[in-house]
Amino acid sequence: MGNCCGTPATAEEGGKRRRRGKQKKANPFTVAYNRAPSSAGAAAGRPGLMVLRDPTGRDLGARYELGGELGRGEFGITYLCTEAETGDRYACKSISKRKLRTPVDVEDVRREVEIMRHMPSHPNIVSLRAAYEDEDNVHLVMELCEGGELFDRIVARGHYTERAAAAVTRTIVEVVQMCHRHGVMHRDLKPENFLYANKKDSSPLKAIDFGLSVFFRPGERFTEIVGSPYYMAPEVLKRHYGPEVDVWSAGVILYILLCGVPPFWAETEQGVAQAIIRSVVDFKREPWPRVSEPAKDLVKRMLDPNPMTRLTAEQVLEHPWLHDSKKMPDIPLGDAVRARLQQFAAMNKLKKKALKVIAEHLSAEEAADIKDMFDKMDVSKNGQLTFEDFKAGIRKLGNQMPDSDLKILMDAADIDKNGILDYQEFVAVSIHVRKIGNDEHIQKAFSYFDQNKSGYIEIEELREALVDEIDGNDEDIINSIIRDVDTDKDGKISYDEFAVMMKAGTDWRKASRQYSRQRFSNLSLKLQKDGSISDDTQ
């Protein structure tokens, strides 16, 4: 239910988890959603509302001093917090009771505190120091984690060796094992919910954010769709699941650690859901041919679509790949992680070719606008843009990318790799950044590829269209494009699939953070109605 990391978060990111909690299915034993708030869940912070059953106290200031803001969300603010007597530093998440508008909001906070108190001390689970409640706020004093997210270390490091991936996976699964032994299902395991205690390489990894966690009894099944889409088990979409979902999510994280992208990826929520239901794991693209067979075997067993035969946390920890992790290869698996987390760089050659086609069909006004921008950036008036020229121009477009991302973007646009952008290279990247491509442009680009007018881009048409883009018509690249874009896996690309590719980016991390729980819940119902997923309970 919150991030106790010392790295500031945006309001959008900080508030996302709480918004999800507001949309949970109503408990039949509590007040229904469509009724006016009762005293148990007073909407506007009504005086007398008590959220916690057993708060540490009422006066936070008597023992702790709040410092600078670490993060802000819809329901509250996380501050640096210092214990007056010892000088020890913590994170304090102050949740405004005025913003707990429904009984479900109140129950979310209450349950998170109870779960964190219930869990025994563990080196890889963030600890709750104290929980105060006054007239206006609930204050959760927690262990301060200043080492950043697991995800960010993946990106910064650029790749993981198998040995490093095994060490991280062992930690994550040990957390799952501890939760399950104490009757807690996390339900939202993902790289963002694991923080490092400090910035040292030897820093312990800590599980955080128990806001979607729930107590469970052996054999109990749940129906509420929660979690983040790329880490969601198929039985969650089928609305019949138990603690096995945490092992699935840990398996998704392992897959990402080894190759840099989620195993079930698409550019639409429906595509993601369908990929999860199909549960076909790709071990063909790089760097998988270089990954050991024991590692791939563990991924397969953790991503078993049948929860009844999926490995338990205990079985995962006994798997040879983890049991003998120090014997695993310590050779880097390449730069796949960085390469695949880069939006424009990860854009496949089909999309780049399509952007060129669109550029040729721009209206005079659109073309003039881009030419004018290029001329303004080209301060030396030599028809070429340096990185500094490009950076200044992108800022003028209103895109505040960090320099590191801009460098990646420019490198991807710089087709001839001479370190500068000419006008044609600039046109393609401008269309991407400014999202100029409209439906008419996309239709023209699709028609360019669909030479036989069948309504599909077929493999032969793809080969012919990209003959100038690919040295020797590399079959691996052709097959990779089909795998990436062909979401219904019929071996060809429909207009809808092509349009989705053109309109969306490939930044799956951002998509994960912008996830709408209600939309995914509605999507589950839609897929059940159209027969994409069955109502079986396995």
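Cβ atoms are placed via backbone N, Cα and C, with glycine included.
The stretch that Swiss-Prot tags with region 'Autoinhibitory domain', taken from the ranges 235-265, 328-358, is 328-358. Across the structure, Asp414 (Ca(2+) 2 binding site) and Gln384 (Ca(2+) 1 binding site) place their CA atoms 11 angstrom apart. When secondary structure is read from DSSP and collapsed to three states, Asp378 (Ca(2+) 1 binding site) falls in the coil class.
Counting other CB atoms no more than 10 Å from each candidate's CB, the binding-site residues Ser380, Asn382, Gln384, Asn418 peak at Gln384. Glu425 (Ca(2+) 2 binding site) carries a helical DSSP state (H, G or I).
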